[in-house]
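Asker: Input: one structure, supplied below.
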Amino acid sequence: GIISLISLAVLSYERCCTMTRTAEPDTTNYRKAWAAIILSWTYSLLWTVPPLLGWSSYGPEGAGITCSVNWHSRDANNTSYIICLFIFCLVIPFAIIVYSYGKLLCAVRQVSSLPRGLGRGREQRVLLMVVVMVLCFLLCWLPYAAVALLASFGQPGLITPAASIIPAILAKSSTVYNPIIYVFLNKQVSEML
C-alpha cells in the first residue's frame, strides 16, 4: 500500500516536471527513472520496517485474510507510529499529488491562454485528468485511512471486520486506476489505441 501511494506521488511529480519542462526529454537516459523507483521503494521500506523492529506491530486486518499494521492497539508506541504513517504516507503524498497536478494545470492554462482554440481542448483534457486522478486517489485511500483511524482512535469494536474489507480492497487496487486514467484521458496515448 505504501509503495502504491509513494509511486503515485512520484509519478505525479515526474509527469509535472516532464510536461512543464521546455527542453525535450531525454528518453535514452533511465537514471532518473531508476532513481525514482529506488527512492519510492526506500521510502516505503523506511515506513514498513519499524513494526518489525518494535515501533508498533503487524497483525491480521479486518476479516483476518490480510496483514497490516495493528490498528487496534492503543499504546503510545503504536499510536505514534499510526500518526506518523498517516502524515508521511498519506497526507504528504497527497499534497505532492495536488501540488504537481495543480502546477501542471497552471502551466497548461498559461500556454493555452496565448492562442485560443486548440489550447482550450488540451486544457480541458488535462483538467479532467487531474480531477479524475485526485478523486480516484481520494476514493481509494480516504475510506481506508478513515477506517484505520477509527479502528485506532475510535470506540473499540466500532469497525467490524466485514466493514473493513471494501476500504482495504479499494486501497490495494489504487495502483490500477492511475495508468488506466492516464491512457484514456491522454490524447496522444488514446489516438494510438
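Placement of Cβ uses the backbone N, Cα and C atoms for every residue, glycine included.
Bear in mind that TrEMBL entries carry predicted annotations, made automatically and left uncurated.
Features from TrEMBL:
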DOMAIN    1-182  domain 'G-protein coupled receptors family 1 profile'
TRANSMEM  33-53  transmembrane segment
TRANSMEM  80-105  transmembrane segment
TRANSMEM  126-153  transmembrane segment
TRANSMEM  165-185  transmembrane segment
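A description of the local structural setting of each listed feature is requested, covering burial, neighbours and distances.
Answerer: Tertiary neighbourhood of the transmembrane segment (126-153): same-chain residues 1, 5, 8, 12, 69, 71-72, 74, 78-79, 82, 86, 90, 94, 97-98, 101-102, 104-105, 108, 159, 163-164, 166-168, 170-171, 173-174, 177-178, 181-182, 185-186, selected by CB-CB distance under 8 Å and a gap of 6+ residues from either end.
Only residues 6 or more beyond the boundaries of the transmembrane segment (165-185), in the same chain, are considered here, and those with a CB under 8 A from a CB of the stretch are 1, 4-5, 7-8, 11, 61-63, 66, 68, 125, 128-129, 132-133, 136-137, 139-141, 143-144, 146-147, 193.
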Asker: So what's near the transmembrane segment (33-53) in sequence-distant terms, Cβ-Cβ under 8 Å and 6+ beyond its ends?
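Answerer: Same-chain contacts beyond the flanks: 2-3, 6-7, 10, 14, 69-70, 81, 84-85, 88-89.
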Asker: Over the domain 'G-protein coupled receptors family 1 profile' (1-182), work out the mean pLDDT and round it to an integer.
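Answerer: So the average pLDDT across the domain 'G-protein coupled receptors family 1 profile' (1-182) works out to 81.
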